[in-house]
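> One structure is given below, represented as C-alpha coordinates, and several questions about it will come after.
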Amino acid sequence: MTRFIFVTGGVVSSLGKGIASASLAAVLEARGLKVTILKLDPYINVDPGTMSPFQHGEVFVTDDGAETDLDLGHYERFIRTRMTKRNNFTTGRVYETVLRKERRGDYLGGTVQVIPHITDEIKRRILAGGDGVDIALVEIGGTVGDIESQPFLEAVRQLKVELGNQRALLMHLTLVPYIATAGETKTKPTQHSVKELRSIGLQPDILLCRSEKEIDVDSRRKISLFTNVEERAVVPLPDAKSIYLIPRLLQSYNLDQIVLDKFGLEAAETDLAEWDEVVRREQNPEHAVTIAMVGKYMDLLDAYKSLNEALLHAGLHTLTKVKINYINAEDVETQGVSILEDADAILVPGGFGERGLEGKLMAVRYARENKVPYLGICLGMQTAVIEFARNVLKLDGANSTEFDRKSPFPVIGLITEWINEEGKVETRDESSDLGGTMRLGAQECHLEENSRIREIYGKANIIERHRHRFEVNNRFLDQLRQGGLRIGGWSSDDTLVEVVEVPDHPWFVACQFHPEFTSTPRDGHPLFTSYIQAAVEQNERAK
(Lines of atoms letter the chains of each structure in order from A and count residues from 1; the text may use other names and numbers.)
(Lines give C-alpha, C1' and ligand atoms only; values in the text may rest on other atoms or scores of the structure.)
Protein backbone atom coordinates (compact mmCIF):
# COMPACT_ATOMS: atom_id res chain seq x y z
CA MET A 1 0.00 0.00 0.00
CA THR A 2 1.70 3.17 -1.24
CA ARG A 3 2.11 6.21 1.00
CA PHE A 4 2.33 9.65 -0.63
CA ILE A 5 4.40 12.69 0.35
CA PHE A 6 3.18 15.78 -1.51
CA VAL A 7 5.88 18.44 -1.86
CA THR A 8 4.97 22.07 -2.48
CA GLY A 9 6.96 25.29 -2.55
CA GLY A 10 6.21 28.76 -1.26
CA VAL A 11 7.45 32.38 -1.19
CA VAL A 12 9.76 32.11 -4.24
CA SER A 13 10.62 29.57 -6.91
CA SER A 14 13.97 27.79 -7.36
CA LEU A 15 14.30 26.90 -3.68
CA GLY A 16 15.35 23.37 -4.55
CA LYS A 17 12.20 21.25 -4.22
CA GLY A 18 13.69 18.73 -6.63
CA ILE A 19 16.93 18.29 -4.69
CA ALA A 20 15.09 18.22 -1.35
CA SER A 21 12.63 15.60 -2.62
CA ALA A 22 15.40 13.48 -4.12
CA SER A 23 17.50 13.72 -0.95
CA LEU A 24 14.62 12.65 1.30
CA ALA A 25 13.89 9.80 -1.12
CA ALA A 26 17.56 8.76 -0.90
CA VAL A 27 17.39 8.63 2.90
CA LEU A 28 14.16 6.61 2.84
CA GLU A 29 15.71 4.26 0.28
CA ALA A 30 18.73 3.90 2.57
CA ARG A 31 16.31 2.51 5.16
CA GLY A 32 15.30 -0.31 2.84
CA LEU A 33 12.11 1.24 1.46
CA LYS A 34 11.14 1.20 -2.21
CA VAL A 35 10.70 4.81 -3.29
CA THR A 36 9.72 6.75 -6.40
CA ILE A 37 9.19 10.44 -7.18
CA LEU A 38 6.68 12.18 -9.45
CA LYS A 39 7.01 15.69 -10.88
CA LEU A 40 3.82 17.55 -11.78
CA ASP A 41 4.41 20.57 -14.05
CA PRO A 42 1.66 23.21 -14.26
CA TYR A 43 2.57 24.57 -17.71
CA ILE A 44 0.26 23.88 -20.65
CA ASN A 45 2.86 22.34 -22.96
CA VAL A 46 2.18 18.62 -23.36
CA ASP A 47 5.83 17.96 -22.53
CA PRO A 48 9.05 20.01 -22.59
CA GLY A 49 10.29 18.36 -25.80
CA THR A 50 9.78 21.40 -28.03
CA MET A 51 10.56 24.05 -25.40
CA SER A 52 13.71 26.15 -25.73
CA PRO A 53 16.48 25.19 -23.28
CA PHE A 54 16.61 28.89 -22.39
CA GLN A 55 12.99 28.59 -21.19
CA HIS A 56 13.06 25.21 -19.52
CA GLY A 57 16.61 23.95 -19.19
CA GLU A 58 17.49 20.40 -20.06
CA VAL A 59 14.97 17.89 -21.39
CA PHE A 60 15.66 14.67 -19.49
CA VAL A 61 14.92 11.45 -21.40
CA THR A 62 13.76 8.30 -19.61
CA ASP A 63 14.31 4.67 -20.63
CA ASP A 64 10.82 4.47 -22.11
CA GLY A 65 11.35 7.55 -24.26
CA ALA A 66 9.53 10.23 -22.28
CA GLU A 67 10.81 13.80 -22.66
CA THR A 68 10.58 15.14 -19.13
CA ASP A 69 11.55 17.81 -16.63
CA LEU A 70 15.21 17.98 -15.60
CA ASP A 71 14.20 17.23 -11.99
CA LEU A 72 13.73 13.60 -13.04
CA GLY A 73 17.46 13.57 -13.65
CA HIS A 74 18.02 14.57 -10.03
CA TYR A 75 15.66 11.81 -8.94
CA GLU A 76 17.54 9.11 -10.86
CA ARG A 77 20.89 10.38 -9.61
CA PHE A 78 19.75 10.14 -5.99
CA ILE A 79 17.70 6.92 -5.96
CA ARG A 80 17.94 3.56 -7.71
CA THR A 81 14.41 3.65 -9.13
CA ARG A 82 14.28 4.31 -12.88
CA MET A 83 11.88 7.05 -13.91
CA THR A 84 9.28 6.45 -16.64
CA LYS A 85 6.67 8.50 -18.48
CA ARG A 86 4.41 7.98 -15.44
CA ASN A 87 6.75 10.07 -13.28
CA ASN A 88 6.16 13.39 -15.03
CA PHE A 89 3.06 15.00 -16.46
CA THR A 90 1.89 18.51 -17.26
CA THR A 91 -1.33 20.50 -17.32
CA GLY A 92 -1.22 20.15 -21.10
CA ARG A 93 -1.01 16.37 -20.89
CA VAL A 94 -3.93 16.24 -18.44
CA TYR A 95 -6.15 18.48 -20.57
CA GLU A 96 -5.21 16.55 -23.72
CA THR A 97 -6.36 13.30 -22.07
CA VAL A 98 -9.60 14.80 -20.75
CA LEU A 99 -10.48 16.42 -24.08
CA ARG A 100 -9.79 13.16 -25.92
CA LYS A 101 -12.20 11.40 -23.54
CA GLU A 102 -14.79 14.12 -24.10
CA ARG A 103 -14.54 13.75 -27.88
CA ARG A 104 -14.92 10.00 -27.49
CA GLY A 105 -18.09 10.48 -25.47
CA ASP A 106 -16.74 9.04 -22.22
CA TYR A 107 -18.51 11.70 -20.14
CA LEU A 108 -21.95 10.84 -21.57
CA GLY A 109 -22.69 14.38 -22.70
CA GLY A 110 -21.98 15.96 -19.32
CA THR A 111 -20.37 19.35 -18.79
CA VAL A 112 -16.61 18.87 -18.53
CA GLN A 113 -15.16 20.96 -15.69
CA VAL A 114 -11.92 21.50 -13.78
CA ILE A 115 -13.61 19.85 -10.79
CA PRO A 116 -14.15 16.93 -11.00
CA HIS A 117 -12.82 15.97 -14.46
CA ILE A 118 -9.39 17.63 -14.49
CA THR A 119 -8.73 16.90 -10.81
CA ASP A 120 -9.86 13.29 -11.24
CA GLU A 121 -7.38 12.82 -14.10
CA ILE A 122 -4.59 14.34 -11.97
CA LYS A 123 -5.47 11.99 -9.09
CA ARG A 124 -5.59 8.99 -11.42
CA ARG A 125 -2.11 9.77 -12.73
CA ILE A 126 -0.69 10.31 -9.23
CA LEU A 127 -2.05 6.99 -7.97
CA ALA A 128 -0.82 5.16 -11.08
CA GLY A 129 2.63 6.72 -10.76
CA GLY A 130 2.93 5.58 -7.16
CA ASP A 131 1.77 2.03 -7.77
CA GLY A 132 4.07 -0.73 -6.54
CA VAL A 133 6.29 1.25 -4.14
CA ASP A 134 6.33 1.89 -0.40
CA ILE A 135 6.51 5.68 -0.61
CA ALA A 136 5.92 8.04 -3.53
CA LEU A 137 7.01 11.65 -3.29
CA VAL A 138 4.95 13.96 -5.51
CA GLU A 139 6.55 17.31 -6.30
CA ILE A 140 4.16 20.05 -7.45
CA GLY A 141 5.96 22.49 -9.75
CA GLY A 142 5.73 26.24 -9.26
CA THR A 143 4.83 28.16 -6.12
CA VAL A 144 1.71 28.14 -3.96
CA GLY A 145 -0.46 31.01 -5.17
CA ASP A 146 0.31 30.50 -8.87
CA ILE A 147 -2.92 30.31 -10.83
CA GLU A 148 -1.52 27.41 -12.91
CA SER A 149 -1.02 25.24 -9.81
CA GLN A 150 -4.58 25.45 -8.49
CA PRO A 151 -6.00 22.26 -10.08
CA PHE A 152 -3.00 20.26 -8.82
CA LEU A 153 -3.32 21.60 -5.28
CA GLU A 154 -7.05 20.88 -5.30
CA ALA A 155 -6.30 17.31 -6.42
CA VAL A 156 -3.79 17.00 -3.56
CA ARG A 157 -6.41 18.28 -1.10
CA GLN A 158 -8.88 15.66 -2.28
CA LEU A 159 -6.31 12.86 -2.15
CA LYS A 160 -5.29 13.78 1.40
CA VAL A 161 -8.90 13.37 2.47
CA GLU A 162 -9.45 10.17 0.49
CA LEU A 163 -6.19 8.48 1.56
CA GLY A 164 -6.17 9.67 5.17
CA ASN A 165 -3.31 10.76 7.43
CA GLN A 166 -1.74 7.28 7.46
CA ARG A 167 -1.20 7.38 3.69
CA ALA A 168 -0.71 11.02 2.73
CA LEU A 169 1.21 13.95 4.15
CA LEU A 170 2.13 17.40 2.88
CA MET A 171 5.68 18.74 3.02
CA HIS A 172 6.03 22.44 2.25
CA LEU A 173 9.36 23.98 1.25
CA THR A 174 9.59 27.64 2.11
CA LEU A 175 12.10 30.48 2.38
CA VAL A 176 13.25 31.91 5.69
CA PRO A 177 15.38 34.89 4.61
CA TYR A 178 18.29 36.19 6.64
CA ILE A 179 18.43 39.99 6.79
CA ALA A 180 22.09 40.86 7.25
CA THR A 181 21.51 44.48 8.30
CA ALA A 182 19.15 43.36 11.07
CA GLY A 183 21.22 40.27 11.87
CA GLU A 184 18.16 38.03 12.08
CA THR A 185 16.00 35.62 10.14
CA LYS A 186 12.46 36.59 9.15
CA THR A 187 9.65 34.08 9.54
CA LYS A 188 6.82 36.19 8.13
CA PRO A 189 7.16 34.96 4.49
CA THR A 190 6.81 31.37 5.74
CA GLN A 191 3.79 32.25 7.86
CA HIS A 192 2.06 33.88 4.89
CA SER A 193 2.95 31.00 2.57
CA VAL A 194 1.35 28.50 4.95
CA LYS A 195 -1.63 30.83 5.36
CA GLU A 196 -2.07 30.71 1.58
CA LEU A 197 -1.99 26.91 1.66
CA ARG A 198 -4.48 26.71 4.49
CA SER A 199 -6.86 29.02 2.62
CA ILE A 200 -7.28 26.29 -0.01
CA GLY A 201 -7.73 23.54 2.56
CA LEU A 202 -4.16 22.26 2.87
CA GLN A 203 -2.38 22.04 6.23
CA PRO A 204 1.34 21.19 5.97
CA ASP A 205 2.56 18.29 8.08
CA ILE A 206 6.25 19.13 7.58
CA LEU A 207 8.00 22.41 6.82
CA LEU A 208 11.41 22.49 5.16
CA CYS A 209 12.86 25.91 5.87
CA ARG A 210 15.38 27.01 3.25
CA SER A 211 17.79 29.60 4.53
CA GLU A 212 21.24 31.04 4.03
CA LYS A 213 22.27 29.70 7.42
CA GLU A 214 20.67 27.34 9.91
CA ILE A 215 17.66 28.88 11.62
CA ASP A 216 17.76 28.91 15.40
CA VAL A 217 15.50 27.08 17.83
CA ASP A 218 13.49 30.21 18.69
CA SER A 219 12.67 30.84 15.04
CA ARG A 220 11.63 27.21 14.57
CA ARG A 221 9.42 27.44 17.65
CA LYS A 222 7.83 30.64 16.32
CA ILE A 223 7.18 29.08 12.90
CA SER A 224 5.64 26.03 14.59
CA LEU A 225 3.33 28.22 16.65
CA PHE A 226 2.04 30.29 13.74
CA THR A 227 1.74 27.47 11.18
CA ASN A 228 0.24 24.73 13.34
CA VAL A 229 3.12 22.36 12.47
CA GLU A 230 4.73 20.43 15.33
CA GLU A 231 8.12 21.84 16.26
CA ARG A 232 10.19 18.77 15.38
CA ALA A 233 8.64 18.83 11.89
CA VAL A 234 9.93 22.36 11.25
CA VAL A 235 13.17 21.24 9.62
CA PRO A 236 16.01 23.65 8.77
CA LEU A 237 17.56 23.29 5.33
CA PRO A 238 20.49 25.72 5.14
CA ASP A 239 22.68 26.23 2.09
CA ALA A 240 25.15 23.38 1.62
CA LYS A 241 28.52 23.33 -0.13
CA SER A 242 27.47 20.23 -2.04
CA ILE A 243 24.09 18.74 -2.92
CA TYR A 244 25.50 15.35 -1.90
CA LEU A 245 25.63 16.53 1.72
CA ILE A 246 21.86 17.01 1.84
CA PRO A 247 20.78 13.37 2.44
CA ARG A 248 22.98 13.27 5.55
CA LEU A 249 21.76 16.75 6.55
CA LEU A 250 18.10 15.72 6.38
CA GLN A 251 18.84 12.52 8.27
CA SER A 252 20.58 14.53 11.01
CA TYR A 253 17.29 16.37 11.59
CA ASN A 254 15.42 13.01 11.74
CA LEU A 255 13.24 13.91 8.76
CA ASP A 256 13.08 10.27 7.68
CA GLN A 257 11.91 9.19 11.13
CA ILE A 258 9.30 11.97 11.23
CA VAL A 259 7.90 10.66 7.94
CA LEU A 260 7.85 7.06 9.16
CA ASP A 261 6.18 8.06 12.43
CA LYS A 262 3.44 9.95 10.61
CA PHE A 263 2.83 6.97 8.33
CA GLY A 264 3.04 4.45 11.17
CA LEU A 265 5.82 2.56 9.39
CA GLU A 266 8.89 0.77 10.68
CA ALA A 267 12.09 0.40 8.68
CA ALA A 268 15.73 -0.60 9.02
CA GLU A 269 18.36 1.78 10.35
CA THR A 270 19.61 4.36 7.88
CA ASP A 271 22.72 3.35 5.93
CA LEU A 272 24.19 6.37 4.15
CA ALA A 273 27.68 4.93 3.73
CA GLU A 274 27.54 5.28 -0.07
CA TRP A 275 26.69 8.97 0.23
CA ASP A 276 29.41 9.52 2.80
CA GLU A 277 31.87 7.98 0.32
CA VAL A 278 30.64 10.31 -2.44
CA VAL A 279 31.25 13.32 -0.20
CA ARG A 280 34.68 12.00 0.83
CA ARG A 281 35.74 11.64 -2.80
CA GLU A 282 34.39 15.08 -3.66
CA GLN A 283 36.31 16.74 -0.84
CA ASN A 284 39.64 14.93 -1.44
CA PRO A 285 40.64 15.23 -5.11
CA GLU A 286 44.13 14.24 -6.21
CA HIS A 287 44.04 15.75 -9.72
CA ALA A 288 42.53 18.77 -11.46
CA VAL A 289 41.49 19.18 -15.09
CA THR A 290 39.75 21.78 -17.23
CA ILE A 291 37.11 20.71 -19.75
CA ALA A 292 36.14 23.07 -22.57
CA MET A 293 32.44 22.50 -23.28
CA VAL A 294 31.62 24.16 -26.60
CA GLY A 295 27.89 24.58 -27.08
CA LYS A 296 24.97 26.80 -27.95
CA TYR A 297 23.09 27.31 -24.69
CA MET A 298 25.87 28.51 -22.40
CA ASP A 299 23.83 31.38 -20.98
CA LEU A 300 21.70 28.83 -19.11
CA LEU A 301 23.81 26.03 -17.69
CA ASP A 302 20.69 24.05 -16.69
CA ALA A 303 20.45 23.25 -20.42
CA TYR A 304 23.30 20.78 -19.82
CA LYS A 305 22.42 19.76 -16.25
CA SER A 306 22.90 15.99 -16.59
CA LEU A 307 26.09 16.50 -18.59
CA ASN A 308 27.56 18.82 -15.97
CA GLU A 309 26.72 16.27 -13.29
CA ALA A 310 28.13 13.34 -15.29
CA LEU A 311 31.49 15.11 -15.63
CA LEU A 312 31.54 15.76 -11.89
CA HIS A 313 30.63 12.11 -11.22
CA ALA A 314 33.59 11.05 -13.35
CA GLY A 315 35.70 13.38 -11.25
CA LEU A 316 34.50 11.58 -8.12
CA HIS A 317 35.51 8.21 -9.56
CA THR A 318 38.96 9.40 -10.68
CA LEU A 319 39.55 11.63 -7.62
CA THR A 320 39.71 14.62 -9.95
CA LYS A 321 38.46 18.17 -9.49
CA VAL A 322 36.73 18.92 -12.78
CA LYS A 323 36.49 22.55 -13.87
CA ILE A 324 34.12 23.09 -16.79
CA ASN A 325 34.90 26.08 -18.99
CA TYR A 326 31.63 26.90 -20.76
CA ILE A 327 32.39 28.32 -24.20
CA ASN A 328 29.76 29.69 -26.55
CA ALA A 329 30.38 28.14 -29.97
CA GLU A 330 29.89 31.54 -31.61
CA ASP A 331 32.81 32.89 -29.55
CA VAL A 332 35.05 30.27 -31.15
CA GLU A 333 33.94 31.57 -34.55
CA THR A 334 34.81 35.18 -33.69
CA GLN A 335 37.82 34.73 -31.39
CA GLY A 336 39.40 31.61 -32.86
CA VAL A 337 40.56 28.37 -31.26
CA SER A 338 43.00 30.15 -28.96
CA ILE A 339 40.25 30.18 -26.32
CA LEU A 340 40.52 26.38 -26.24
CA GLU A 341 44.25 26.23 -25.53
CA ASP A 342 43.96 25.93 -21.74
CA ALA A 343 41.65 22.91 -21.97
CA ASP A 344 42.79 19.42 -21.03
CA ALA A 345 39.88 17.99 -23.04
CA ILE A 346 37.11 19.26 -25.31
CA LEU A 347 33.43 18.31 -25.35
CA VAL A 348 30.71 19.22 -27.83
CA PRO A 349 27.26 18.36 -26.41
CA GLY A 350 23.90 17.83 -28.08
CA GLY A 351 21.77 20.61 -29.47
CA PHE A 352 19.59 21.74 -32.33
CA GLY A 353 19.90 24.38 -35.03
CA GLU A 354 22.65 25.85 -37.19
CA ARG A 355 23.73 28.70 -34.91
CA GLY A 356 27.24 28.09 -33.62
CA LEU A 357 27.86 25.12 -35.94
CA GLU A 358 31.07 26.51 -37.45
CA GLY A 359 32.47 27.16 -33.97
CA LYS A 360 31.77 23.57 -32.98
CA LEU A 361 33.47 22.32 -36.15
CA MET A 362 36.51 24.47 -35.34
CA ALA A 363 36.62 22.96 -31.84
CA VAL A 364 36.43 19.41 -33.24
CA ARG A 365 39.22 20.12 -35.71
CA TYR A 366 41.40 21.65 -32.99
CA ALA A 367 40.92 18.57 -30.78
CA ARG A 368 41.58 16.13 -33.63
CA GLU A 369 44.67 17.85 -35.01
CA ASN A 370 46.22 18.73 -31.65
CA LYS A 371 45.57 15.32 -30.07
CA VAL A 372 43.40 16.81 -27.31
CA PRO A 373 40.89 14.31 -25.82
CA TYR A 374 37.51 14.82 -27.45
CA LEU A 375 34.03 13.63 -26.51
CA GLY A 376 31.12 14.35 -28.83
CA ILE A 377 27.53 13.65 -27.79
CA CYS A 378 24.58 13.54 -30.21
CA LEU A 379 25.15 16.68 -32.33
CA GLY A 380 28.74 16.46 -31.07
CA MET A 381 29.08 13.18 -32.98
CA GLN A 382 27.46 14.62 -36.07
CA THR A 383 29.82 17.62 -36.05
CA ALA A 384 32.77 15.22 -35.69
CA VAL A 385 31.65 13.40 -38.85
CA ILE A 386 31.06 16.66 -40.75
CA GLU A 387 34.49 17.99 -39.72
CA PHE A 388 36.18 14.75 -40.75
CA ALA A 389 34.42 14.78 -44.12
CA ARG A 390 35.39 18.38 -44.83
CA ASN A 391 38.97 18.45 -43.60
CA VAL A 392 40.22 14.86 -44.01
CA LEU A 393 38.17 13.59 -46.94
CA LYS A 394 38.16 17.09 -48.53
CA LEU A 395 34.43 16.90 -49.26
CA ASP A 396 33.87 20.64 -49.58
CA GLY A 397 30.38 21.61 -48.44
CA ALA A 398 29.80 18.42 -46.43
CA ASN A 399 27.00 19.05 -43.96
CA SER A 400 23.85 17.78 -42.28
CA THR A 401 20.54 18.12 -44.06
CA GLU A 402 19.30 19.69 -40.82
CA PHE A 403 21.42 22.73 -41.70
CA ASP A 404 21.73 22.55 -45.50
CA ARG A 405 19.25 20.48 -47.50
CA LYS A 406 21.19 21.21 -50.70
CA SER A 407 24.57 20.06 -49.39
CA PRO A 408 26.55 18.21 -52.11
CA PHE A 409 27.78 15.79 -49.44
CA PRO A 410 24.98 15.22 -46.88
CA VAL A 411 27.02 13.06 -44.49
CA ILE A 412 24.28 13.50 -41.85
CA GLY A 413 20.65 12.93 -42.80
CA LEU A 414 17.16 12.51 -41.37
CA ILE A 415 16.36 9.08 -39.96
CA THR A 416 13.31 7.88 -41.85
CA GLU A 417 12.87 4.51 -40.16
CA TRP A 418 14.00 2.88 -36.93
CA ILE A 419 12.95 0.38 -34.28
CA ASN A 420 11.72 1.96 -31.02
CA GLU A 421 12.26 0.77 -27.44
CA GLU A 422 9.22 -1.54 -27.76
CA GLY A 423 10.62 -3.23 -30.88
CA LYS A 424 8.14 -1.52 -33.24
CA VAL A 425 9.13 0.13 -36.51
CA GLU A 426 8.67 3.93 -36.56
CA THR A 427 8.84 6.13 -39.66
CA ARG A 428 9.25 9.90 -40.12
CA ASP A 429 9.72 12.40 -42.92
CA GLU A 430 10.43 16.12 -43.27
CA SER A 431 6.75 16.99 -42.72
CA SER A 432 6.41 15.19 -39.36
CA ASP A 433 5.56 17.22 -36.25
CA LEU A 434 8.50 18.29 -34.10
CA GLY A 435 6.94 17.21 -30.80
CA GLY A 436 7.50 13.60 -29.73
CA THR A 437 8.75 12.44 -33.13
CA MET A 438 12.43 11.78 -32.44
CA ARG A 439 14.20 8.50 -31.86
CA LEU A 440 13.76 8.48 -28.11
CA GLY A 441 14.59 6.36 -25.09
CA ALA A 442 16.77 3.36 -24.31
CA GLN A 443 18.14 1.58 -27.37
CA GLU A 444 20.52 -1.36 -27.58
CA CYS A 445 23.89 -0.70 -29.22
CA HIS A 446 26.37 -3.26 -30.53
CA LEU A 447 30.03 -2.31 -29.99
CA GLU A 448 32.64 -3.39 -32.53
CA GLU A 449 35.53 -5.63 -31.55
CA ASN A 450 38.87 -3.87 -31.03
CA SER A 451 37.16 -0.48 -30.71
CA ARG A 452 38.00 1.96 -27.94
CA ILE A 453 34.34 2.20 -26.95
CA ARG A 454 34.14 -1.57 -26.40
CA GLU A 455 37.29 -1.43 -24.30
CA ILE A 456 35.73 1.38 -22.22
CA TYR A 457 32.45 -0.45 -21.57
CA GLY A 458 34.04 -3.88 -21.30
CA LYS A 459 31.18 -5.60 -23.14
CA ALA A 460 29.78 -6.10 -26.62
CA ASN A 461 26.25 -4.79 -26.10
CA ILE A 462 25.08 -1.76 -24.16
CA ILE A 463 21.81 0.11 -23.66
CA GLU A 464 21.86 3.91 -23.75
CA ARG A 465 19.24 6.63 -24.14
CA HIS A 466 18.70 8.60 -27.33
CA ARG A 467 17.07 11.84 -28.45
CA HIS A 468 17.69 12.66 -32.10
CA ARG A 469 16.18 12.70 -35.58
CA PHE A 470 19.37 12.93 -37.66
CA GLU A 471 22.05 10.27 -38.19
CA VAL A 472 25.18 9.43 -40.17
CA ASN A 473 24.29 8.91 -43.83
CA ASN A 474 25.29 5.32 -44.64
CA ARG A 475 26.07 6.31 -48.25
CA PHE A 476 29.32 7.86 -47.00
CA LEU A 477 30.42 5.05 -44.66
CA ASP A 478 32.99 3.57 -47.04
CA GLN A 479 34.62 6.96 -47.64
CA LEU A 480 34.69 7.77 -43.93
CA ARG A 481 36.27 4.42 -43.10
CA GLN A 482 38.83 4.66 -45.87
CA GLY A 483 39.78 8.09 -44.60
CA GLY A 484 40.55 6.66 -41.16
CA LEU A 485 37.33 7.14 -39.16
CA ARG A 486 36.36 4.00 -37.23
CA ILE A 487 32.75 3.02 -36.63
CA GLY A 488 32.78 1.86 -33.01
CA GLY A 489 29.12 1.02 -32.48
CA TRP A 490 25.86 0.27 -34.28
CA SER A 491 22.16 0.17 -33.49
CA SER A 492 20.81 -3.29 -32.64
CA ASP A 493 19.76 -3.87 -36.26
CA ASP A 494 23.17 -2.65 -37.56
CA THR A 495 21.60 0.15 -39.62
CA LEU A 496 22.41 3.29 -37.61
CA VAL A 497 25.88 4.46 -36.57
CA GLU A 498 26.07 4.89 -32.79
CA VAL A 499 29.79 5.61 -32.18
CA VAL A 500 32.68 6.97 -34.23
CA GLU A 501 36.35 7.09 -33.23
CA VAL A 502 39.67 8.39 -34.55
CA PRO A 503 42.11 5.49 -33.96
CA ASP A 504 45.37 7.47 -34.31
CA HIS A 505 44.41 9.83 -31.50
CA PRO A 506 44.95 9.52 -27.71
CA TRP A 507 41.18 9.72 -27.03
CA PHE A 508 38.62 10.74 -29.66
CA VAL A 509 35.17 9.22 -29.16
CA ALA A 510 31.81 10.54 -30.31
CA CYS A 511 28.45 8.88 -29.69
CA GLN A 512 24.93 9.45 -30.96
CA PHE A 513 23.38 8.50 -27.61
CA HIS A 514 23.29 10.52 -24.37
CA PRO A 515 25.36 8.68 -21.73
CA GLU A 516 24.90 11.55 -19.27
CA PHE A 517 21.32 10.45 -18.60
CA THR A 518 22.46 7.25 -16.87
CA SER A 519 25.43 8.59 -14.88
CA THR A 520 25.04 8.72 -11.09
CA PRO A 521 27.32 9.98 -8.30
CA ARG A 522 27.50 6.55 -6.66
CA ASP A 523 28.16 4.53 -9.83
CA GLY A 524 29.54 7.05 -12.31
CA HIS A 525 29.58 6.10 -15.99
CA PRO A 526 32.39 4.26 -17.81
CA LEU A 527 32.50 6.62 -20.80
CA PHE A 528 32.84 9.77 -18.70
CA THR A 529 35.28 8.11 -16.30
CA SER A 530 37.52 7.14 -19.23
CA TYR A 531 37.20 10.64 -20.71
CA ILE A 532 38.23 12.39 -17.48
CA GLN A 533 41.10 9.93 -17.04
CA ALA A 534 42.26 10.88 -20.55
CA ALA A 535 42.03 14.55 -19.54
CA VAL A 536 44.18 13.84 -16.46
CA GLU A 537 46.80 12.17 -18.67
CA GLN A 538 46.68 15.11 -21.10
CA ASN A 539 47.18 17.51 -18.19
CA GLU A 540 50.20 15.55 -16.97
CA ARG A 541 51.72 15.46 -20.48
CA ALA A 542 51.37 19.23 -20.74
CA LYS A 543 53.27 19.92 -17.50
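Using the three backbone atoms N, Cα and C, a Cβ is placed for every residue, glycine included.
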> Of Lys39, Lys123, Lys222, which does Swiss-Prot put in the CTP site with Ser13, Asp146, Ile147, Glu148, Lys186, Thr187, Lys188, Pro189, Thr190, Gln191?
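Looking at Lys39, Lys123, Lys222, the one Swiss-Prot places in the CTP site next to Ser13, Asp146, Ile147, Glu148, Lys186, Thr187, Lys188, Pro189, Thr190, Gln191 is Lys222.
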> Quick check: of Asp69, Asp71, Asp106, Asp120, which does Swiss-Prot put in the same ATP site as Ser14, Leu15, Gly16, Lys17, Gly18, Ile19?
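Answer per Swiss-Prot: Asp71.
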> Which candidate from Arg454, Arg465, Arg469 does Swiss-Prot annotate alongside Gly351, Leu379, Gly380, Met381, Gln382, Glu402 at the L-glutamine binding site?
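Same L-glutamine site in Swiss-Prot: Arg469.
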> Looking only at Ser13, Thr187, Thr190, Gln191, which of these binding-site residues has the biggest number of Cβ atoms within 10 Å around its Cβ?
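Output for this query is Thr190.
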> Filter the recorded positions Ser13, Lys186, Lys188, Thr190, Lys222, His514 down to the ones within 10 angstroms of Cys378 (active site, nucleophile), Cα to Cα, kept in sequence order.
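Hits: His514.
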> I need the CA-to-CA distance for Ser13 (UTP binding site) versus Glu139 (Mg(2+) binding site), whole Å please.
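Given the Cα positions, Ser13 (UTP binding site) is 13 Å from Glu139 (Mg(2+) binding site).
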> Taking every protein chain in this structure into account, which of the recorded positions Lys222, His514 has the most other Cβ atoms within 10 Å of its Cβ?
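The largest 10 Å Cβ neighbour count belongs to His514.
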> Check the binding-site residues Lys186, Lys188 for other C-beta atoms within 10 angstroms of each C-beta and report the one with the most.
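Of the binding-site residues Lys186, Lys188, the most buried by Cβ count within 10 Å is Lys186.
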> Once near-sequence residues are set aside, which residues in the chain of Asp71 (Mg(2+) binding site), 6 or more away, have Cβ atoms under 8 Å from its Cβ?
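Looking at Cβ-Cβ distances below 8 Å from Asp71 (Mg(2+) binding site), excluding near sequence neighbours, one finds Lys17, Gly18, Ser21, Ala22, Lys39, Phe60, Glu139.
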> Glu516 (active site) has how many other Cβ neighbours within 10 Å of its own Cβ?
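If we count other Cβ atoms within 10 Å of Glu516 (active site), we arrive at 27.
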